[in-house]
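K.L.:
Sharing the feature lines straight out of TrEMBL:
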{"type": "DOMAIN", "residues": "217-365", "note": "domain 'O-antigen ligase-related'"}
{"type": "DOMAIN", "residues": "386-568", "note": "domain 'Virulence factor membrane-bound polymerase C-terminal'"}
{"type": "TRANSMEM", "residues": "12-32", "note": "transmembrane segment"}
{"type": "TRANSMEM", "residues": "44-62", "note": "transmembrane segment"}
{"type": "TRANSMEM", "residues": "74-92", "note": "transmembrane segment"}
{"type": "TRANSMEM", "residues": "98-116", "note": "transmembrane segment"}
{"type": "TRANSMEM", "residues": "128-147", "note": "transmembrane segment"}
{"type": "TRANSMEM", "residues": "181-199", "note": "transmembrane segment"}
{"type": "TRANSMEM", "residues": "211-227", "note": "transmembrane segment"}
{"type": "TRANSMEM", "residues": "233-252", "note": "transmembrane segment"}
{"type": "TRANSMEM", "residues": "264-287", "note": "transmembrane segment"}
{"type": "TRANSMEM", "residues": "351-373", "note": "transmembrane segment"}
Amino acid sequence: MTISENSSAASRWLLMMLALILLGVMHIVLPSTGGSGADLPEPLLVWCVLLVAMVGCAWFLRHQRLRSSPFLRGMALAALLLTLPLLWSPSADWRLDAFPRLAGLWAGVAFYSLLLNCRLTPRQQQTVLWLIVAATLIQAVYALVGIGHPAWLPLPAQAAQRQAGQFAIGVFLQRNVTGSFIATGAAVLLWLAADARFVCRSVARERYRQWGSALGLGLLYATLTLLKSRTGWLGGVVCWLMMVTIFCFSPLRRSAARGACWRVVLAPVAGVLLGLALLSVSLLNALHEHDGSNLERVFILQQTWKMILQHPIVGWGYGGYAWSFAHFVADSVPPLSRRVPGLTYPHNDLLFWWVEGGAVALLGLLVLGVSGFRLLLRRPGVRQLALLACLMPILLHTQLEYPLYQSPVHWLLVLILVNLADRCPTGEQAPLSAFTAPSTRPVPCALMILACYGALLTGCAFWQGHYLTAFQQSPQRFASRVLRLHDIGIGSERLRKDRALSYIIRYQSSANVEDLEAFNQLGRRWIAVWNDADMYNNLINVERYLGQQKNARALREEARRLYPEDRRFSS
């Protein structure tokens, strides 16, 4: 098989796997006990399938010298700079907690490299965009069912929504994550509806495409309105304004399809009006629902900025934000009345990397940002500006919350959309030689091995998560099974906590003091990374039972500072 044929085979494989993820895997809801990121089975399943897709791409490209691009080189440099602070993070457990985030970052670099070397034809590129739109429409229907008729949802989704409350909308179980995903799909559909390059040759098919696009835009914007997600609203409005400017008012409007301006302007407006008519409360009341979270976010950002000013160069250490923030606020002079002890993220990705990794991590983000904007704005055309508009909902969301950690699909969309800007509309940057000696290249083989290892780790984490969910539902039955699980660096917070609690469960039947001592050891390691009032309370009670009154008093004093309103620690 020639190099060109291998690259085309890689493209077909990639397209098939993207269809599997966007039309199938990402919409599966599995039993869980809540949480985010690796605590949920769905992100692990998506990661596993994505890594398998990378294995297949690397296999088909194994005889090809992988091509690079200025953005890919900038992305790799940024990833290297973002990884360096791991070297001086003060705790091994903190470094382990940061491992999944950095692994996901490097997996993104590897996937982008493989994606760049796939010979995606213009038709295949358009198919990828329509897959994104289809996935978004599925999620919009899913969200509408969750809002209006939760009883129609699958049983695991009903259980998750009951547990997480009214904000657990969509398969992401978080309305802002659902909102930014739907806003991204709406932006892609706006581009497909407006750009003349996507017009069908058949008049009849084009008429159906126009009406379908208009109805789809109305549905997506109506869903965004009903979600009551400020993040979704912001992303939807920004991308709509950008698309209207590009295709209706800018010098580039000559690229617009016939009648596209009216569709792009009116269909989203009609959807918003429909959503407002169906809202159970007024728009003003919907905005007032967020007043409490506004004050909390301002407080979090203020305290995080103070932490940055205290250690602006080296940072506080990767993986240590949750512990550092809680103790920084608790130890403030004068004492602060507000506490957010369960916080794990400062609601701003820029500050998150900076507060943990210091100036080196900030430099990495700047390199990534400059590389991206050079790609999109150095020679801005319709394609580059439209793709920037498509990226805006997720980019804005990263400065408000943590969509890239909650949902690997968001990270996948970012990589796909940036990659479409990093290649010619015709599909290739440079011609590939028709015949090359079939020598195996080391880089694709290395990527294939690493992707296999990542898929194995993610599969193990998915399998372990099944037993942790079973343990949380039936502790006595699964405690011994949990104690046999190994920490692989993914989902460590949940695994270590449940393993510690398993020792207490086992002590209740064995009366072996060594089980309590093992709980003490694991529990103390756990609270050195994360925060939980129940874990502190269990440790205090165990220390008292073991006669370690001094240790119990020290733990109670620390817990009292972290949780001043918890009566268990005030007496």
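Every residue gets a Cβ built from N, Cα and C, even glycine.
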K.L.:
Give the nonlocal contacts of the transmembrane segment (74-92) in its own chain as ranges (CB under 8 Å, at least six residues past its ends).
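P.N.:
Counting only partners 6 or more residues beyond its ends, the transmembrane segment (74-92) has Cβ contacts under 8 Å with 98, 102, 105-106, 108-109, 112, 314-315, 317-320, 353, 356-358, 360-361, 363-365, 367-368, 370-372, 374, 528-529.
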K.L.:
Could you tell me what the rest of the chain brings near the transmembrane segment (181-199), counting residues at least six beyond its ends with Cβ under 8 Å?
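P.N.:
Residues packing against the transmembrane segment (181-199) from afar: 126, 129-130, 132-133, 135-137, 139-140, 143, 170, 172, 206, 209-210, 213-214, 216-217, 220-221, 223-224, 227, 232, 235-236, 239-240, 243, 246-247, 255-258, 260-261, 263-264, 267-268, 382, 386-387, 389-394, 403, 407, 409-410, 413, 417, 425.
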K.L.:
What does the DSSP secondary structure composition of the domain 'O-antigen ligase-related' (217-365) look like, as residue counts for helix, strand and coil?
P.N.:
108 helix, 1 strand, 40 coil
K.L.:
Can you work out the mean pLDDT of the predicted model over the domain 'O-antigen ligase-related' (217-365)?
P.N.:
88
K.L.:
Using a Cβ cut-off under 8 Å, which residues of the same chain at least 6 positions beyond either end of the transmembrane segment (12-32) come close to it?
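P.N.:
Residues 39-42, 45-46, 49-50, 52-53, 56-57, 60, 114-115, 118, 120, 124, 127-128, 131-132, 134-135, 138-139, 142, 153-154, 156-157, 159-160, 171, 409, 412, 416, 465, 469 contact the transmembrane segment (12-32) from elsewhere in the chain.
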K.L.:
Let me spell it out: take the transmembrane segment (233-252), skip the flanking residues so only those 6+ beyond its ends count, and list any with a Cβ under 8 Å from a Cβ in it.
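P.N.:
Apart from its flanks, the transmembrane segment (233-252) reaches 179-180, 182-184, 186-187, 190-191, 194-195, 220-221, 224-225, 260-261, 264-265, 268, 381-382, 385-386, 388-390, 392-394, 396-397.
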K.L.:
So if I exclude everything within five residues of the ends of the transmembrane segment (128-147), which remaining residues of that chain have a CB under 8 angstroms from its CBs? That is, six or more out.
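P.N.:
Contacts of the transmembrane segment (128-147) (Cβ under 8 Å, skipping residues fewer than 6 from its ends): 15, 18-19, 22-23, 26-27, 120, 153, 157, 161, 168-171, 175, 178, 181-182, 184-186, 188-189, 191-192, 216, 219-220, 223, 226-227, 409, 413, 416, 420.
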